[in-house]
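Pulled from TrEMBL:
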| type | residues | note |
| --- | --- | --- |
| TRANSMEM | 30-55 | transmembrane segment |
| TRANSMEM | 210-231 | transmembrane segment |
| TRANSMEM | 243-269 | transmembrane segment |
| TRANSMEM | 289-312 | transmembrane segment |
Amino acid sequence: MLGYGAAMSEPSVQDRPTLRARLGRPASRTVVALALLAALSSGLFAASVASWAAWWTIRPLTTAEAVEVLTELMPGTDITAHLSPEPDAVFVMYGEPVTWQRVDTLLLGDGGEYGLAGIGGSLGHDVGPGEQKQVLDGVVERLRAGGWTVGYPKVTFLDPCGAGCDPDTAARETVLNAGRGDQVVSVSGFAAGSRGSNGFGITLTRPTPVAGYPAAVVAGLAGALAGWWLFAWASRRTASRGAGVTTTLFGFAMFLWWAPIVLTAPQLLRHHLGEYHYSWHPMWEWLGLPAFSLLFLGGLALALLALAVAALPTRRVRPHDVLPHPGPDSAVASV
């Protein structure tokens, strides 16, 4: 009985296949890290696509709603007389929906102009630096009284404001963001003084929809699992014949995907740390999309090509192609 129990016992830790062996590369020191990189990449992009789709569930912006909000914040002014048109889509580029005819513009350098649509209004008269401070203080007071979550204004002086400079009247650019429910307002003022134009306006947009968070989590997990599985499958498929081509394709694909992230994510983080946001920038912008869409598509093409190479049939070794290993008996016989 003891012998039978020992034969049926669990394999020891040393006898169990390692994660590298399960990936088809027991001798590799980097295969696990590369598999994690593939899973992370797939998860991030899948979550980004899902969150983008969830944005289309937001309540449409209307001119009537914009008039109500702007009148609440700036009563007795002509700000509602100079409204931008009611948007026809959730996302626009140069104020227009992105159509198939404009995809080339989106891919070839103007992807950074792709953003959330909004309805904005501006004062019809020149608002100098001194007046802008008073107007902004009044807007902030009404925002707080109306139950809005108000951030701190970000002021950028157009000239260094040193000793003897009055910050309330100096030429500057001011940005203030606030939110309430599914409404976000961006207050912006540009006061160049006598050197240029002076304007003050408010834009109404939407925050990240509630559906965007669970959609991104579910899609991200599914994408990560799919990325891990595909990498493991390709790694095992190419283990017996070498993986020079697939490794090269995979490396270039990861470079094209991660170079925009490395460039964009730190800039967006500094932007958020320096300026209050009621709703953070969409997830795809942190991945460098759609500004670097061409690089993403190039990486996707290389990744698919690597999978196609891995799917090619492998040459099976036939028994009579393998020479028998000489044993001690054969050595004695030869003598």
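Including glycine, each Cβ sits where the backbone N, Cα and C put it.
Residues 34, 37-38, 41, 44-45, 234-235, 281, 285-289, 291-292, 295-296, 298-300, 302-303, 305-306, 309-310 of the same chain sit 6 or more residues outside the transmembrane segment (243-269) yet have a Cβ under 8 Å from a Cβ within it. Residues 19-20, 23-24, 90-91, 116, 208-209, 211-213, 215-228, 230-232, 235, 250, 254, 257-258, 261, 282-284, 287, 289, 296 of the same chain, all 6+ positions outside the transmembrane segment (30-55), place their C-beta atoms under 8 angstroms from a C-beta of that stretch. Residues 23, 34-36, 38-51, 53-55, 57, 283, 307 of the same chain sit 6 or more residues outside the transmembrane segment (210-231) yet have a Cβ under 8 Å from a Cβ within it.
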